[in-house]
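Asker: Next up is a structure, given as C-alpha cells.
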Amino acid sequence: MDASGAATMAVLSSLLVFLALSSSLCSAGTLNARPAFPVQSGEIQPSGQNSKQAARRVMHPSFANAGRTPGLEIWRIENFEPVIYPKTNYGKFYTGDSFIVLNTIENKKDKKLSWDVHFWLGLETSTDEAGAAAILTVQLDDLLNGGPVQHREVQDHESQLFLSYFKNGIRYEQGGVGTGFKHVETNAQGETRLFQVKGKRNVRVRQVNLSVSSMNTGDCFILDAGSDIYVYVGSQAKRVEKLKAISAANQIRDQDHNGRARVQIVDDFSTDADKQHFFDVLGSGSADQVPDESTADEDSAFERTDAAAVSLYKVSDASGKLKVDIIGQKPLTQAMLDTRECFILDTGSGIFVWVGKGATQKEKTDAMAKAQEFLRTKKYPAWTQIHRIVEGSESAPFKQYFDTWRDAGMSHSRLIRSALGIGSDELLNDDEIDSVVTQLKKSGGRAFGFMPDHGQNVIETITQYVAKPGSDEIVVSTVPFDEKLPLLGFASYVLTYNYEANNGDTGSLTYVWHGVKASAAARKRAFEEGLVGSKDGLLVQTNQGHEPRHFYKIFKGKLLTSFTALPVTAQLFRIRGTVESDVHASEVAADSSSLASSDAFVLHSGKSHKIYIWNGLGASAFEKQAAVDRFSDYWDDVELEQVEEGAEPDEFWEELNGEGQYDRSLGDDGAPLLESRLFHCHLSSGGFLKVEEVAQYEQEDLDSDDIMLLDAGDEIYLWVGYGVSEEENGKLLDTAKLYFNLEPTARSFDTVSIIRVPQGKEPRVFKRMFPNWDDNYWQNQPSYEDMKQLVIDANNEV
C-alpha cells in the first residue's frame, strides 16, 4: 500500500466510531418540506476565514464545483476517493460499490439553492468503501455549509426521493471496484443476462437467475443477449409497466452497448415462433411455463404498521450523562418539543431525530447514536429508516404525528393557494394569510381548500335515504330545498350541483351527506346511488359536523342540520360562519358540556316558547348577528332573548341539565394544516393496504392505470385513472378506510371529506395542488404502440 493509501486507512481507523454511527442512518425518503438554504444560484458562501470551522474544513478536489447549479451529480468511491461518475451511466449502480449522489434544487422565485445528498451502499460494498462514502458525504455537506439534508441509501431499500431522480429506473449490476467481480464490458458478447423490472413510477431493474423460474406473468423482463436485447412483457403487466420496461431496455442498449444493440419486444401480439425464440435464448422454458403473477406484492411499496404505538422520547445530557426518557405517546402536541433539547420520535415503522436549535453540541452529536441504540433495543431491521430533522425544517411526514402544529409563517403553499385562490406567481403575505386561515379553520367549514366555485348556483336535486325503524329497508324520497327544512341526522342524502368557476371551469358535483345517526344501510345505499349517478363528475362523501366549506356555500348560508324532524325536547345549535353565504347551524347535544366560549349558540327551549341566543366570549360579532338573523323567525310564536356568557339566567341552565364544565378556551387550533402529499395505494393479494408516497410529486406521477390518493388534510382526493376497473372503482371507500386505519394523525374516516376525481375531470382546486398542470398532458404521452414503433425505428438504424 502506498503512502496515500496508508494515510487514508489511518483516517478511516480514527473515524471508526463515526462510521459506526453513520452506517445506521437510514434514508429519510419523504422529507419534501424544508426551507431552502439562503445561497444565491451559483454561489457558495464560505464561513469566515478566521473561524475554527473554516480552519478544519477539508474539500476534496472532485467536489470543487459541487452544488453550484441545479441538477444531479454522482461520484463513485474508488480506492476511498470520490470519482466523478459519467452522466451516461446515471441510474446504473454496482452491487460492490458505494456512491454519493447530490441533487441541487433551485427555488424558481428567489433562486435560492437547496440540496439533498445521499450516500448509496451496494449490498457487496466493502466496509472501508462504505466508511469512505459516509466521511466524504460529511465533507460535501460541510462544503455546502451544512445546508443539505443527508440520506443513507441501501440497495433494495432506497428512499422514494432517491428513486425519483432516475426516470428510467435504477439498475443493479454485479461488480465493483473493491470486489472480485468485474464490471460488464461494453457490448460484451456471449454473456446473457436476465433482468426483472419492478415498479411503475420509480423502477428497480434487478439481475435475476437466467431461468424461466425467475419470471412471472405480472412483471416485465429484459434479456440482454449482447447484440439483441429482448423485452418480455408479462401477460398481466399494465401499460405503464410496459413503457417503463422499454425505457429501461433502451437505457441498457445505450449504456452497455453504445446504442449498437437491437431491442426486441415479445408480448401477446408476438408470434409463437418469436415467443419460443426468446426462451431458446434464455436457455429454458416456454411461454406456458412462466409462473403466475407473484403474490409477494413487492412492487416498490411500503406498508405502514402500528401507528398507535407512536412515542416521543427526550435525549438529554443535563445530568452530565446522556439518557433517553419517554415523555409522551399519542396524542402528541408540538408543545412537547423543547428548542433546547433533542428528541426521538418512534413511529413504529421508522425513527425521526428532532434537533432543537438550542440543543447542546453533545446532544446534537449523540442523538443519532441513541437512535441507533434504540433500533437495537427495539430489534428493528438494520435498514430501518432514520430521519434527522432540524427545528424549523420539519417535514409533512414528521408533523403528521402531532395533533396540532403551527409553523412560523406559511410553508403550505399548495394548500393555501388552492384555498384562497392565489395564483402560483403571486407572493404570499404570511401575516395576512395566517389571519385568514385561522378564521377559516374555525368557522368557515372543513376542507376549505375544496372550492370548485363560490356556490352561486342552485342545488339541482336532494334525495333522502332513511331506514325504516327496526329494518334495513330504505325509504328513498326527493325533498325540496327549503331554508326551514333541516338535513336530518338519522338520514343520508345525495345532492347534485353543477359548478361554474370564474375561469370557465365547469362540471357536475355530487355530494353524499351522512347524518351522525344514519344507519349503515342508508349510508351504503346513498353512496352506491351517488357513485352511479355521478358518472364522470366529482363525488364527495362527507359527514355531519365535518362538511367542506363549499357544501355550506351551496346552501347560501341557510344550512341547518338537526338530530330530529320535530323537536320534542330542548335543542341546541352551534352557529358558525365567516360570511353570509357560509353560515351554518349544527345541532349538538342539549347539555351544558356542548357549549364553547369561542362560539355562538342558539337554544330552543323545550319548556317555553323562547329562544336563547348565547354569545360566547370568543364568538365573532358576525356570528352573534348571524344567530339572530337565522333564528329570529325560524319558529313561529317564540320570544328571542340574547344571553352573554357569564350572565345566564337559571332557566337557561335548567334546559341544559344544569350548569357544568365546558370548553372555555378562546382559540380553536383544529387539525394541523399539512402540506398535501400524494400516495399510490393498492390492496395486496393478502388484503393488506400498500402505501407508497410519491416524493416531490408532479402531474406525471398520476398513473392512469391506478387510483392515486392525494391527502390534503381535511379532504382526501381519490384520483381515478382511465384504466381503473369498475370493481376497483366500487371499492373507493374501502381504500380510504384502510388508509385511515394505517395513517398516524388524529383524523378518521368520519372526520374528513372523501372526494373522487375522475381522470380528465380534475377541478381547478385539484390542479392547483400540483407545481404545474397541463390539460393536454395525457393526450401528448406516447402510447405503448407508439413506443414499439420507436423501437423498430431505432433498430433500423443499428
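Placed from the backbone N, Cα and C atoms, the Cβ positions cover glycine too.
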Asker: Going by the Ca(2+) 2 site in Swiss-Prot, where Asp705, Asp706 are listed, which of the candidates Glu675, Glu728, Glu743 is also part of it?
Answerer: Glu728
Asker: Please identify the range among 128-131, 304-307, 384-387 that Swiss-Prot labels region 'Actin-actin interfilament contact point'.
Answerer: 128-131
Asker: Can you break down the repeat 'Gelsolin-like 6' (689-730) into helix, strand and coil residue counts using DSSP?
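Answerer: Secondary-structure composition of the repeat 'Gelsolin-like 6' (689-730): 7 helix, 17 strand, 18 coil.
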Asker: Around the Cβ of Asp706 (Ca(2+) 2 binding site), how many other Cβ atoms lie within 10 Å? Please give the count over every shown protein chain.
Answerer: 20
Asker: So which of the modified residues is most packed in, judged by how many other Cβ atoms lie within 10 Å of its Cβ, out of Tyr90, Tyr612, Tyr662?
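Answerer: Result of the Cβ crowding comparison: Tyr612.
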Asker: Cα within 10 Å of Glu728 (Ca(2+) 2 binding site) is the criterion; apply it to the recorded positions Asp599, Tyr612, Glu623 and give the hits in sequence order.
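Answerer: For Glu728 (Ca(2+) 2 binding site), the recorded positions whose Cα atoms are within 10 Å come to none.
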Asker: For Glu728 (Ca(2+) 2 binding site), what is the tally of other C-beta atoms lying within 10 angstroms of its C-beta?
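Answerer: If we count other Cβ atoms within 10 Å of Glu728 (Ca(2+) 2 binding site), we arrive at 18.
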Asker: I need the nearest neighbour of Asp599 (Ca(2+) 1 binding site) among the recorded positions Tyr90, Tyr612, Tyr662, Asp705, using C-alpha distances.
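Answerer: That would be Tyr662, the closest of Tyr90, Tyr612, Tyr662, Asp705 to Asp599 (Ca(2+) 1 binding site).
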Asker: Taking helix as H, G and I and strand as E and B in DSSP, count the residues of the region 'Actin-severing' (57-181) in helix, strand and coil.
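Answerer: Summed by class, the stretch gives 28 helix, 44 strand, 53 coil.
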Asker: Across all chains shown, how many C-beta atoms besides its own are within 10 angstroms of the C-beta of Glu623 (Ca(2+) 1 binding site)?
Answerer: 23
Asker: Would you mind reading off the Cα separation of Tyr90 (phosphotyrosine) from Asp705 (Ca(2+) 2 binding site), to the nearest angstrom?
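Answerer: Taking the Cα atoms only, Tyr90 (phosphotyrosine) lies 28 Å from Asp705 (Ca(2+) 2 binding site).
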